[in-house]
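A.B. asks: OK, TrEMBL features for this one:
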- 25-288: domain 'NADH:quinone oxidoreductase/Mrp antiporter transmembrane' (DOMAIN)
- 59-76: transmembrane segment (TRANSMEM)
- 96-115: transmembrane segment (TRANSMEM)
- 152-171: transmembrane segment (TRANSMEM)
- 178-196: transmembrane segment (TRANSMEM)
- 202-221: transmembrane segment (TRANSMEM)
- 233-255: transmembrane segment (TRANSMEM)
- 275-294: transmembrane segment (TRANSMEM)
- 290-343: domain 'NADH dehydrogenase subunit 2 C-terminal' (DOMAIN)
- 324-343: transmembrane segment (TRANSMEM)
Amino acid sequence: MSPTIYTIMLSSLATGTIITMTSFHWLMAWIGLELNTLAIIPIISTLHHPRSTEAATKYFLTQAAASAMILFSSMINAWNTGTWDITQMSFLPSNTLLAVALALKLGLAPAHLWLPEVLQGSTLLTALIITTWQKLAPMSLIFLSANNLPPMILLTLGVISSVTGGWAGLNQTQTRKIMAFSSIAHLGWMASITSISPNIMIMSLMIYLIMTTALFSSLIFSKSKTIQDTTTTWTLSPTLTITTMLVLLSLGGLPPLTGFLPKWLILEELITQNMSPLALMMAMSALLSLFYYLRLTYTTALTLAPNTLQMKFKWRFKPTTPPALMAFSTLSIFLLPLTPLILS
């Protein structure tokens, strides 16, 4: 794809998300979602490979179905209440349909099966866009309609997603599929807190975006597509090895790293609301996710691939680490002490 077309696609992608995030009318939000979907289809299918074409088709079908359901739910609400305002969704059937549609759009379990397949069929950079930028528009709609969405459905989706994201990720060897299940698990945590504290949900989303961007940046830099590929990361740069290890542990939610903050606040809030069994299930599902993060940590930082060379680094390359990767990695590791500032 030529740089000009790629730039147009990326700007359309950004425009679609911004239209959805800044609109209060359902039709404008729907237009933004459609523009967003249509812009990413060519980006997914740039490889000209059957896998990428299949991924683009799957992505288009699921997103088009979800957008149609969102439009349908808003039409039912407008028919019954006479308003198209996103914040005034007061008709229960349309709220239920909206929750299901947004779950499909985000990839929350049990409507998650498209996400690992789409990521696996696209490049690492496209996978980064799908797991980060593409979550912003649906999450903004969830935030705007948080007071009206049925809490029971959100909590159920949250628990199923966090358990599925942990359990299904255990068996994976492809880093993109692992990141897909990681995304499902994190979105599950966000869905479970939405109806109780939307502000914690937004903070959780921001931290998820930072950590995912940091890890994907290191995977792109080291060209690691499978767990086996991560064993040779140490030849690129010692700094990269250490930061990747810490970002993975942060994604797993271990203190004193940034990733502990959203899990801690969400569990605390759930227990405050007398939802201890739910909090216990969420915490147990986090252990499942932690296992595959630890496995990646082990292969990246604690193993050496069999080699006959005496040299420690690839002789052609100066062991450098990109500044953007270092910036996101720093944020993914050191934000926990800022908790009081974030909460105030």
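Placement of Cβ uses the backbone N, Cα and C atoms for every residue, glycine included.
Help me understand the surroundings of these features in the structure.
C.D. replies: Sequence-distant contacts of the transmembrane segment (178-196), counting only residues of its own chain at least 6 positions beyond either end whose CB sits under 8 Å from a CB of the stretch, comprise 103, 106-109, 112, 115-116, 119-120, 127, 131, 135, 139, 142-143, 146, 149, 151, 154-155, 157-166, 168-169, 172, 204-205, 208, 212, 215-216, 219, 227, 251, 262-263, 266, 269-270, 273, 278, 282, 285-286, 289, 292-293, 296.
Beyond the ends of the transmembrane segment (233-255), by six or more residues, the same chain brings 182, 211-212, 214-215, 218, 221-222, 224, 262-264, 286, 289-290, 293-294, 296-297, 300-301, 304, 312-314, 317, 319-321, 325-326, 329, 332-333, 336 to within a C-beta distance below 8 angstroms of the stretch.
Packing against the transmembrane segment (275-294) from elsewhere in the chain are residues 155, 158-159, 162-163, 165-167, 169-170, 172, 178, 181-182, 185, 188-189, 192, 248-249, 251-254, 263, 266-267: each is 6 or more residues past its ends and has a CB under 8 Å from a CB in it.
Long-range contacts of the transmembrane segment (324-343) within the same chain: residues 203, 207, 210-211, 213-215, 217-218, 221, 239-240, 243-244, 246-247, 250-251, 255-261, 265, each at least 6 residues beyond the stretch ends and with a Cβ under 8 Å from a Cβ of the stretch.
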A.B. asks: Over the domain 'NADH dehydrogenase subunit 2 C-terminal' (290-343), what does the predicted model average in pLDDT?
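C.D. replies: The average pLDDT of the model in the domain 'NADH dehydrogenase subunit 2 C-terminal' (290-343) works out to 77.
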A.B. asks: By Cβ distance under 8 Å, which residues at least 6 away from the ends of the transmembrane segment (96-115) in the same chain are close to it?
C.D. replies: 33, 58-59, 62-63, 65-67, 69-70, 72-74, 76, 89, 130, 135, 138-139, 141-142, 145, 149-150, 153-154, 157-158, 160-161, 163-165, 180, 183-184, 187-188, 191
